[in-house]
Structures are given as structure tokens and as C-alpha cells.
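Visitor: Pasting in a structure now, in C-alpha cells, and then I'll have a few things to ask.
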Amino acid sequence: MGGAVVDEGPTGIKAPDGGWGWAVLFGCFIITGFSYAFPKAVSVFFKELMHEFGIGYSDTAWISSILLAMLYGTGPLCSMCVNRFGCRPVMLVGGLFASLGMVAASFCRSIIQIYLTTGVITGLGLALNFQPSLIMLNRYFNKRRPMANGLAAAGSPVFLCALSPLGQLLQDHYGWRGGFLILGGLLLNCCVCAALMRPLVAPQASGGAEPHGPQRPSPRLLDLSVFRDRGFLIYAVAASIMVLGLFVPPVFVVSYAKDMGVPDTKAAFLLTILGFIDIFARPTAGFITGLKKVRPYSVYLFSFAMFFNGFTDLTGSTASDYGGLVVFCIFFGISYGMVGALQFEVLMAIVGTQKFSSAIGLVLLLEAVAVLIGPPSGGKLLDATKVYKYVFILAGAEVLTSSLVLLLGNFFCIGKRKRPEVTKPEEVASEEEKLHKPPVDVRVDSREVEHFLKAEPEKNGEVVHTPETSV
């Protein structure tokens, strides 16, 4: 589903559901891939960073957490920038920031400097690309929006399949510094995607005249009215709890395998398996959600996806060998893909198109706090116990709790709300028949009108002059 991005085009623009929208979808696919896969892909460098700086699991986990926190927490800033400058310029600047952060990180001499470069600068750059790309996608698609969101969300697993082995390969050949430098160059592709975000323009009236219509009020940079929506509040609370555990398994599964004695390349392949399954899960979930009979119940489908994900984490905690982790990654990829494809589609279904830009930024801001807590808390638990099982149990419990909050909240607070009395279908049909019935032809006799006009004044003793007698 921050500060309200009110970067809306002129009134009367209909979403094309195709055309240049496919180019926008491709750009959103790339941006989503970098935004979500990058925080997980950098985890392949964690072991070498621990040896380089003499730090623990929780210290390296902060890199992914800060990246995700910037991606989520800068929602209001992205909103105001887009409202002021538009989607395309903001994304161009964001692409430069994302690249600059990784290039600068390759020269860092302490973990704090990596937090500032990879975490803050690159994270800000990805945020300035991610939110505007989603806004543009939802402007170009309406009827096909669930499918478009599912296809765009598939960018995350596709890039995860590519970036994780690539990161391991770069680390083996060039070390973590050379790997960061090359990844910084790859992030410049965000600028290419920004160029695809062509704004929608209202069609001109015949003769080149500007279309006449009501003037829109000046947009607000921060629209907090969405907090009066009960459905939005339930979604925001559930999503914040979900994020506490959602990103923990992908961050730790590679280290989990290495701790079992699995070779580094084979361990990194787990993320490729997860991503490969995720590639098919997201478009499939988007297609199913777009079905007429399913779309009204998308909130409950999203709740099921969260429950499935949390249950997978709990069962994954029992894995004792590489085969068990492979099975875990397969089912985690399915559930994770469902969550990724549905989260923003459900948010739009709850708040509507007009308030989506406000709602998404505010939700991302709320989730930022949870992102800062999730992976580091898992790292702290791992440092204290040295047992990966407890990390996966904690993550699963958090995601399961979020699914119950969303399900029960919508069922009891939304679905059970007292609805106004509905008129019977027969009465509705009768009323419509009366409304569409042609009026009775009432004829007026001019002589009766003349007689009435003469009679009224005579009652008061007045003299009446008709047009004929006045000549």
C-alpha cells in the first residue's frame, strides 16, 4: 500500500492500460528489483565484512536494515519531492545517489562509514526511485492493475536470482571492495528507467483549445486524512508487524547454510532458488487477484499469504541440512511472492486511487521502524544463542501475528459493521419504473387562465383591464 504524493495529472485522464504503460511497467520492474533484492543480495558480503572489521552478525545485519529503513522511512520526503518536481526528475537524482553510495562504500575503512554510504545514501537513492515508479505504474493501469503490480513485483526475485550469485562471484574475484564498486555502476541503470517514466498528458479539445473543467484544489504535501479510514489503520498495523519478520529469513539463510558447512557458492544458490520460485509466484498471485470473483476478497487473500509465510518460517526452523533449506526456500519463495504481489494492490483497494499516494508513503514510514528492529533483533538473538533455529521461529511468530491482525480486524471491524437497511429489489425496480415513466401531458385552457386572473382581483375590489379592453 508517506507524505502524500499528490503528483496527479490533469483531470479527465484515463489510464491507458497498455501502450506506453508497458514501458513504464518494464522500468518499474527494474526499479523494484534493485529496491527489494539489493538489501538481501549484499548479505553475501557479510562474512568478509565480519572478518575485515572484526564485527558480529548483528553489526552486519544493520546494513540491510538501514537500506530497508531508508527505502521505507523516506516516504514523506519522496512524496514532497515528487509533488514539487515530478516523478522523472526525482528518479534521475535517485539513480545517481544509489550509484554514488555503493562507489563510496568501496573506499570505506569502518563499518560506520558503510552504514552511511551503502545504508543511507544508496538507500535514499533507491527510495527516490521506488515510490515514484509505483505511482506511475498505477496511473498507467486500472483494469489490469493487479496483473501489472504482480509483474512489476516479479522484478525482486528476478534480480535476487541474478545479484546474489553475481555478488558472490565479484567477491571471489575482486573482494568486497571491487564488488561494491561494480554494483555501484549497475545501479546507474536506475537513471535509464527514470527516462521511461513519461507523464500522462490530458488530451486537447478539437482545435487545440484547452479542455474546460473544474479547477482542482492545490494538492497537500501531507494528507493525514487516511488515518480516519478504519481499513487503512488495520492494514498499517498489520503491515508494520509483518515487516518485523518478513525480511529476516532471506538475510540469514545464506549464513545459516554456511554455518552447516555448505560451500559459499552453494549457500548463495539458496537465494537463487528462492528468487526463481518467487518469479512465478508474483505474477500468478497478481493474475488470480485480478479475477472478478477474487478481487473483492483481496484483503483476505493477502492475510492468507502472510499466514503461509509465517508458517513456512516456523517449519524452516527445523531444517538440519542443505536439503531442508532448499525445501524451505521453495515454500518461502511461494509465500513471499504472494505477499510481494498483493501488498500494494490491497492498499489501493482499501484507500482508493485518489489517496493511494498518501497512504503508501505513510505505510512505508510506519514500516521503517519495524525494518530497523527486525533483522538486527534476529542478529542479536543469534549472537546470544548461536542457534539459527530461534531466529526463524521469532520471524515466523511475527508474520503469523500480522496475518491474524489483518484477518480478524477486517472480519470484525470492517465486515461486521452495521450496514444501512437495503431496499428490497422489487421496491427498487418499482421506484426506477416511476422515475423513468414519462410525465403526464397536462394541457391548460387559456380561457380558464383569463377567467382566473379576472376573478382574483375582483375579490379585492380592483378593476381588471384585459389586454383587449385596455386598447
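Glycine is no exception: its Cβ is also placed from the backbone N, Cα and C atoms.
If you look up Swiss-Prot, you'll see Ser430, Ser470 marked as phosphoserine. For Thr466, the entry in Swiss-Prot reads phosphothreonine. Annotation comment: Swiss-Prot describes 429-447, 447-471 as region 'Basolateral sorting signal', evidence class similarity to another entry. Look at Swiss-Prot and you will find 1-17, 131-149, 201-231, 289-298, 343-355, 413-471 tagged as topological domain 'Cytoplasmic', backed by sequence analysis. As annotated by Swiss-Prot, topological domain 'Extracellular' applies to 39-61, 106-109, 171-179, 253-267, 377-391. What Swiss-Prot records for 18-38, 62-82, 85-105, 110-130, 150-170, 180-200, 232-252, 268-288, 299-319, 322-342, 356-376, 392-412 is transmembrane segment, and it gives sequence analysis as the kind of evidence.
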Visitor: Can you tell me which recorded stretch out of 18-38, 85-105, 180-200, 356-376, 392-412 has the most Cβ pairs within less than 8 Å of the transmembrane segment (299-319)?
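Guide: Between the candidates 18-38, 85-105, 180-200, 356-376, 392-412, the best contact partner of the transmembrane segment (299-319) is 392-412.
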Visitor: Mind checking which residues of the chain, 6+ beyond the ends of the transmembrane segment (62-82), have their Cβ under 8 Å from one of its Cβ atoms?
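Guide: Result: 2-7, 35, 38-40, 42-43, 46, 49, 90, 114-115, 118-120, 122-124, 126-128, 130-132, 135, 221-222, 243, 247, 251, 357-358, 360-365, 367-369, 371-372, 374-376, 379.
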Visitor: If you count every Cβ pair below 8 Å, which range out of 150-170, 180-200, 232-252, 392-412 shares the most with the transmembrane segment (268-288)?
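Guide: Looking at each of 150-170, 180-200, 232-252, 392-412 in turn, the most contacts to the transmembrane segment (268-288) are made by 150-170.
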Visitor: Excluding the flanking five residues on each side, which residues at least 6 beyond the ends of the transmembrane segment (110-130) place their CB within less than 8 Å of a CB in that stretch?
Guide: 31-32, 34-35, 38, 42, 49, 53, 55, 59-60, 62-63, 65-72, 74-75, 77-78, 81, 90-91, 93-102, 104, 180, 187, 190, 193-194
Visitor: Taking the transmembrane segment (232-252) as the reference, which of 18-38, 180-200, 356-376, 392-412 gives the largest number of Cβ pairs under 8 angstroms?
Guide: 392-412
Visitor: What average pLDDT does the predicted model assign to the topological domain 'Extracellular' (39-61)?
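Guide: Overall, the topological domain 'Extracellular' (39-61) comes to a mean pLDDT of 84.
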Visitor: How about the transmembrane segment (180-200) and the transmembrane segment (18-38): do they have 3 or more C-beta pairs under 8 A, pairs 6 or more apart in sequence?
Guide: yes
Visitor: Ranking 18-38, 85-105, 356-376, 392-412 by Cβ pairs under 8 Å to the transmembrane segment (150-170), which is first?
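Guide: Against the transmembrane segment (150-170), the leading stretch is 18-38.
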Visitor: Six or more residues out from either end of the topological domain 'Cytoplasmic' (343-355), which same-chain residues have a Cβ under 8 Å from its Cβ atoms?
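Guide: Tertiary neighbours of the topological domain 'Cytoplasmic' (343-355) are 1, 4, 134, 138, 142, 145-146, 149-150, 223, 225-226, 229, 231-232, 235, 239, 286, 289, 295, 298-299, 302, 363.
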Visitor: Restricting to the same chain and to residues at least six past its boundaries, which positions have a Cβ under 8 Å from a Cβ of the topological domain 'Extracellular' (171-179)?
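Guide: Counting only partners 6 or more residues beyond its ends, the topological domain 'Extracellular' (171-179) has Cβ contacts under 8 Å with 44-45, 48-49, 52, 106-107, 264-265.
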Visitor: Should anything in the same chain at least six residues away from the topological domain 'Extracellular' (253-267) have a Cβ under 8 Å from its Cβ atoms, list it; otherwise answer none.
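Guide: For the topological domain 'Extracellular' (253-267), the list is 43-44, 46-47, 57, 164-165, 168, 172, 274, 319, 321-322, 325, 328-329, 388.
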Visitor: Count up the helix, strand and coil residues in the topological domain 'Extracellular' (106-109) according to DSSP, in that order.
Guide: 0 helix, 0 strand, 4 coil
Visitor: Could you count the residues of the topological domain 'Cytoplasmic' (289-298) that DSSP puts in helix, in strand and in coil?
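Guide: Within the topological domain 'Cytoplasmic' (289-298) the tally stands at 5 helix, 0 strand, 5 coil.
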